[in-house]
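The structure under discussion appears below in the form of structure tokens.
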Amino acid sequence: MSMTVMRPAQGCCCHFNNAINNCFNLRYRRTLKTPSLAAEFPFVAVASPPTRLSLSLRRRPLTVASSSAATMSSSPSYDKELAAAKKAVSLASRLCQKVQKALLQSDVQSKSDKSPVTVADYGSQAVVSLVLQRELPADPFSLVAEEDSGDLRDDSAQDIRARITELVNDTLSTDESSSSTLSVEQVLKAIDCGVSEGGATGRHWVLDPIDGTKGFVRGDQYAIALGLLDGGKVVLGALACPNLPLTSIAGANQQPSSGEVGCIFFAKLGSGTYMQPLEGGPAVEVHVTATENPEEASFFESYEAAHSLRGLTGSIAEKLGVKAPPVRIDSQAKYGALSRGDGAIYMRFPHKGYREKIWDHAAGCIVVTEAGGLVTDAAGKDLDFSKGRFLDLDTGIISTNAKLMPLLLKAVKESLKEGESCSSSM
Ligand code: AMP
Ligand code: MG
């Protein structure tokens, strides 16, 4: 089945983007190897949790998070919300893993923006929506999420609706608290809960049901990313990365991983970031790298060349003195890898006119900041999640530790200035 949905164009600034990128490519013609991550991160189901995680991490018992929150009697603990979020993304991961394993051509649709949308996107969104509502029945429910059921209600989408409903029911039946079988209409309604506009007041869940759909379809990295906004701030995040190795992917461009995969990162405001095997097992607190030396740093960027100006990121890396080639992976798995110190920097400079959505950064942002990192726009301002479904940004998003941030901001500023003067002289 193939469906085409017309969406408004994001703006047409190709000339500017090409000029700025060509300019950097002329100045900085370094051959950067594009990794074949399909080979490096094959889809492998995790059979049993690891007995020990080979990360050099300072451990802090999970109870510390609750007890420290208990001392701030007036502020909410978000404990039950975090438990619900972890359960929701874990169950949604099961659905996605099942679909990715048996990805059929008929599961792939196409949007006008050419990104493939799979039954797993819709199924994942339905599962998260249903689990959150079931686990938190007393709370008002507002969900800002990527998908809606518009295309699925088309007459030609009967088979796909049925397949999604079957997947959702199968997935929920693996959870002991699940009871009745849901109808197609109930599943579509659960998907449509995601229409919320978010904003600066109240609580809003923010979901990307499959972040990195292109990676998902390729068999590479993707994430199920769920955050909670309270008063316009991200207060918790649960980030499931079903294909991310449990051990470091530093230098993954050169060294294929043969270890176990499937991680969930989770964070609550003021309580640190933890990583756990998706299939269960001990949670360990994670921290961003402490490196102060850019020469030792490596940086993450999108696997998709169209998602970030590589000429610009290459120029910034060169100014910083970064020696290692970029590590290119899909989705917010980059934020997860950054939070445990697999690399030191994440840079994202979309083409001019692209508007970042809050669900592409909410969970990843708190996972990194609670692990000791910073996430800002290209001018060094914190990301503002209070403005609705989009982030109002200056140029791009950068993330690193507090020691490297001033150097990174300086390199960004210089490179952007060079780009401007180069494009105005062309
Ligand atoms: P990543 O793999 O980090 O590039 O992130 C994947 C996300 O990028 C998707 O979920 C999309 O929401 C988003 N995306 C889609 N098109 C673009 C674009 N042209 N520039 C930047 N991000 C995009
Ligand atoms: Mg996304």
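Just so you know, glycine gets a Cβ as well, placed from its N, Cα and C.
Site annotation (TrEMBL, ligand Mg(2+)) includes D208, I210, D211, D360; from E146, E295, E296, the additional listed residue is E146. In sequence order, L207, P209, G212, T213, A223, A225, S331, Q332, K357, W359 are the same-chain residues whose CB sits within 8 A of the CB centroid of E146, D208, I210, D211, D360, the residues recorded for Mg(2+) being left out. Counting other CB atoms no more than 10 Å from each candidate's CB, the binding-site residues D208, D211, D360 peak at D208. DSSP gives D360 (Mg(2+) binding site) a helix state.
Checking the binding-site residues E146, I210, D211 against ligand 1 with a 6 Å cutoff on the Cβ atom leaves D211, in sequence order.
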